[in-house]
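Scroll down for the structure; my scribbles are underneath it.
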Amino acid sequence: MDPKPIITFLILISATVIAAQEYVRPPPRKALHFPWSRKPSSLPQQVHISLAGDKHMRVTWITNDKSAPSIVEYGTSSGKYSSVAQGESTSYSYLLYRSGKIHHTVIGPLEHGTVYFYQCGGQGPEFQFKTPPAQFPITFAVAGDMGQTGWTKSTLDHIEQCKYDVHLLPGDLSYADYMQSRWDTFGELVQPLASVRPWMVTQGNHEKENIPLLKDGFASYNSRWKMPYEESGSSSNLYYSFEVAGVHAIMLGSYTDYDEYSDQYRWLKADLSKVDRQKTPWLVVLFHVPWYNSNKAHQGEGDSMMAAMEPLLYAASVDIVLAGHVHAYERTKRVNSGKSDTCGAVHITIGDGGNREGLAHKYINPSPEWSVFREASFGHGELKIVNSTHAFWTWHRNDDDEPVRSDQVWITSLVSSGCVAQKRHELRSILVAP
C-alpha cells in the first residue's frame with residue numbers, strides 16, 4: 001500500500017486541529033510591589049506631560065514639599081535652559097490621605113518634532129521629551145485599563161519599543177479604587193514613559209472613587225491628570241479635545257451626563273462645528289465604555305450613551321472610536337446603528353493594558369457580523385496615521401515579541417471615501433438644532 005495518501009491525510013488532520021485551537025494564554029501575573037524609599041521632599045516625582053493647546057505642553061509632577069515652586073526650566077540643549085515657565089499647583093485630601101503638592105505648568109510655544117530638555121521645580125533630574133510632528137505621519141500608542149501588575153509592566157515595556165508620538169488611554173489608569181497611595185505608585189510606574197511622550201487620557205469607572213455625602217467623584221483623577229479641557233472650550237476635565245498633526249481627537253466621558261440636554265453634548269456639538277476636515281482630515285474619538293462589544297462582559301452598558309451620541313458622531317464622519325472597560329481586544333468593521341456601514345466608524349475595544357481584575361474570556365457566539373477580530377489577551381495598539389487618506393492599525397499581544405502583530409488592518413479615511421461631503425448637510429442640521 002502506498003503510504004503517501006495516509007501521510008498526507010495525517011498532515012491535513014494535524015493542520016486542522018492546530019488551526020482550530022484558540023490562543024493559549026500564559027498564567028496571570030501578580031500586582032507589582034513598590035518598596036518604600038525615602039526621597040527629598042522637594043524632589044519632583046510622578047512626572048508626566050500632556051498636550052496643552054497649539055505648540056504647548058503641560059508638565060505635571062508632585063512634591064512632598066508644600067513650598068516647592070511650580071516652575072519648569074527648559075531648552076533644546078541638555079543642561080542649558082533658555083526658557084522658564086511658572087505654573088499652578090493644587091492638592092487634595094481623601095479621608096485620612098493627604099496628597100503632595102501637585103504642580104501643573106504649561107510651557108511653550110514649542111517647535112514641532114523637536115527634543116526638549118527640562119527640569120521641574122529648579123532641582124532634581126533632567127527629563128526630555130520630543131514634541132509631535134506638525135504633519136503626517138504621526139503614530140499613537142493606545143492602551144487602556146492599565147493597572148499596576150506584571151502585565152502592565154509588560155505592556156509598558158512593549159510600548160517603549162514603539163516609535164510613537166502620543167499615548168492615548170481610554171480610561172482606568174491606576175486602579176487605586178479608593179486606596180490613594182496607589183495613585184502615587186502608578187505615577188511612579190509610568191513616569192519613564194509619561195515624562196517623554198504626552199499621555200492623553202480620559203476617565204473610566206475606576207477613577208470615580210466617590211463616597212456619597214462625603215466625597216465627590218474623580219477628585220484624584222482631576223487633580224493629578226489635568227487635560228486641556230479649558231484650551232478646548234470645555235468646562236470639565238472629563239471631556240475635551242485636542243489637535244495634533246492632521247488629527248482632531250475628542251475625549252468623551254462615559255461617567256458624566258451625555259444626553260442631548262447635557263453640558264457634554266452641547267460642548268461636543270460646539271467642538272464638532274469647529275473641526276476643519278481640510279486641516280484635520282482624521283477624526284478620532286475615545287471614551288471608556290464600548291458601544292460595540294461582543295464580549296459577555298459589560299454587555300449593554302454603553303447603550304444609552306450610544307443612543308444619545310452615535311447619530312452625532314456618525315453625521316460628523318468619525319473615523320475611529322477607541323474604548324476600554326472590557327478586558328479584551330476587539331475590532332469591528334465600519335459600523336453604525338448596530339450594523340455594518342461604509343460611512344460609520346471603526347470601533348476598537350482595547351481595555352487590555354494589564355489590570356489586576358484579569359481578562360474577560362467569554363464571547364457571544366456566533367459573533368456579530370460587524371465583529372472582525374476579537375481575543376481575550378493583554379496587549380497594546382499602535383495607530384499610525386500615514387497621510388490624509390490611510391492609517392495602519394496594529395495590535396500586539398503582551399507575550400509576543402514586538403515585531404509580532406496579532407491583528408492589523410489598513411483604514412481609509414472617510415474624507416477620501418466621500419462620506420464627509422455626503423453627510424455635510426446632515427451634520428449641519430444636527431449642529432444648528434436647539
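Our numbering is plain: 1 for the first residue shown, then up by one each step along the chain.
Just so it is clear, glycine is given a Cβ too, placed from its N, Cα and C backbone atoms.
Here is what TrEMBL records for this protein:
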DOMAIN    44-131  domain 'Purple acid phosphatase N-terminal'
DOMAIN    139-329  domain 'Calcineurin-like phosphoesterase'
DOMAIN    345-401  domain 'Purple acid phosphatase C-terminal'
SIGNAL    1-20  signal peptide
Taken over the domain 'Purple acid phosphatase C-terminal' (345-401), the model's mean pLDDT: 94
Secondary structure tally of the domain 'Purple acid phosphatase N-terminal' (44-131) (DSSP, helix then strand then coil): 0 helix, 49 strand, 39 coil
Secondary structure content, the domain 'Purple acid phosphatase C-terminal' (345-401) (per DSSP, counts of residues): 0 helix, 27 strand, 30 coil
